[in-house]
Amino acid sequence: MVLGSRSLTRQRRSSLCSLSSSNSFLDTDPAAPISSSATSTTITETLTKKVSFDAPYTLLTDRHRTTHKPSSNKFVQPPTPRVKHVNPAWGRFAGNEWLTVMGCGAIVLFCPLLALLASVCLKDFNGGLFPTLWAFFTTHPVEFIVRYAPRPSAGALTAYAAWLLFQAALYAWLPSPIGYGQRTPAGHLLPYRVNGIHAWVVTHVIAVVAVYAGVLDPAVIAKNWEGLLVAANIYGYILAVVAYLKAHLFPTHEADRKFSGSMVYDFYMGIELNPRFGEWWDFKLFHNGRPGIVAWTLINLSFAAWQYQLHGYISNSMVIVNILHAFYVVDFFINEDWYLRTIDICHDHYGFYLAWGSMVWLPGTYTLQAQYLARYPVNLSTPVAAAILLIGLSGYAVFRSVNYQKDIVRRTNGECKIWGMKAEVIRTTYKTEDGKVHESLLLCSGWWGVVRHANYLGDLVLSYSGCAVCGVHNILPWWYAVFMTALLLQRCVRDHSRCSGKYGEDWERYCRRVKWKLIPGVY
């Protein structure tokens, strides 16, 4: 496990190859603090980089392991550490293989179709995936569209636009601590407004008050789901096109762009790493961490209300889905600063993959269990319901514990205890494209000494528990777990490739020490 200057996966938020130590000052300029919780930093100080350093810091080269304290606020430049491996291309895979390009093109064309097809499956085929696919392949396309396709509506388009503007206003104007991402391949250390928990609370309080006052139907999202899904698809495509054009015409950080030589791959995976308008409006953080994920819990609650309106009760399976998903969403926002140093923010460039995925795939498919249960309730026996809930919460506990270990090692520069013993780390270095050398820690004790991606394992336990409450009669509500399995296994491969290029022999040493990637003794 790597720590440098947390990982949704998904948000998911995901294990990541590096987090720079907040105590490792190895740049030619004073590095900004990792989190505003560590020091009181104003926006003006952030933009001008006038940040004082009064806390002791440690030099972590092979030759120097003594503690120093800067005099007053004057920054002292420590000796440059020895670089064992230099590969500035660790930012992203080139993506010029023809098979990869074809796969990306197919996803751009057909994934929106899959998202809409799930809605058709639930509405017209009793949640049966195979009958839906049979009708799709045996019916003339025009006839299938006319008979089954979700319809756009002016009301849904207007409501969706208002939702985006409302979340944008909260993102821009709510009080916000300042968080910092990981240093980019070009050497940038970017500040972020991390007020997601405030946005989530304000949004849900307004929704509850509106429902209580009789102004808002609690099932309004569920009843207008088809139109909202179409609106989200339209916006997802527009956002991807805007991101592609912006990367070419007015990029935020030119040196952090990646061109593969394929327009299709660049459109899908993105060119810019951290596209922004101005100093603070960050495309990634807003779209990945506001409209879709704030809506996640609202969508679940709306379908729970619709289940009550349709059937006269709310099933225990629906309650469990809402509890497990709420744990995940609220945890994401409480630890939003952690998300700034995950694979989504630090390594994935901004293209269709993140733009459409965060606006359509996340709210459309992560809520399939609630959508399914609203129409087709599943009533679990008390022992089964209790067991599933306990297993799901156990998965969350593992997920949180794993990320806590990573975070505390990062914050203390390895000077802490994991499971009652001193944290074991491999101290390594990497070099960014601006020629600067930075240090990182590879954590190899605690959960991270058992497997390399223990947080993914906790994530999968939580995901499968949420699907299990839907029973095994239909496969559709299990799609979320299947998708998460494929996503996280693929991220295991991507993480290994990236970290191998970034840390070289130190990463190989870590892999020899921690043999298993995800499940001990299996993989």
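Residue positions begin at 1 at the first shown residue.
Just so it is clear, glycine is given a Cβ too, placed from its N, Cα and C backbone atoms.
Small disclaimer: the values here were computed from a predicted structure and weren't measured.
Pulled from TrEMBL, these are the features on record:
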type	residues	note
TRANSMEM	98-120	transmembrane segment
TRANSMEM	156-174	transmembrane segment
TRANSMEM	194-215	transmembrane segment
TRANSMEM	227-245	transmembrane segment
TRANSMEM	313-330	transmembrane segment
TRANSMEM	350-368	transmembrane segment
TRANSMEM	380-399	transmembrane segment
TRANSMEM	461-489	transmembrane segment
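Contact between the transmembrane segment (350-368) and the transmembrane segment (461-489) is supported: at least 3 Cβ pairs lie under 8 Å, counting only residues 6 or more apart in sequence. Within the same chain, residues 197, 200, 293, 296-297, 300-301, 303-304, 307, 366-367, 369-370, 373-374, 377-380, 382, 385, 388-389, 392-393, 396, 462, 465-466, 469-470 sit at least 6 positions outside the transmembrane segment (313-330) and bring their C-beta atoms closer than 8 Å to a C-beta of that stretch.
Across 98-120, 156-174, 461-489, stretch 156-174 shows the highest tally of CB pairs under 8 A with the transmembrane segment (227-245). Residues 36, 166-167, 170-171, 174-179, 289-290, 294, 297-298, 301, 329-330, 332-334, 336-337, 340 of the same chain sit 6 or more residues outside the transmembrane segment (194-215) yet have a Cβ under 8 Å from a Cβ within it.
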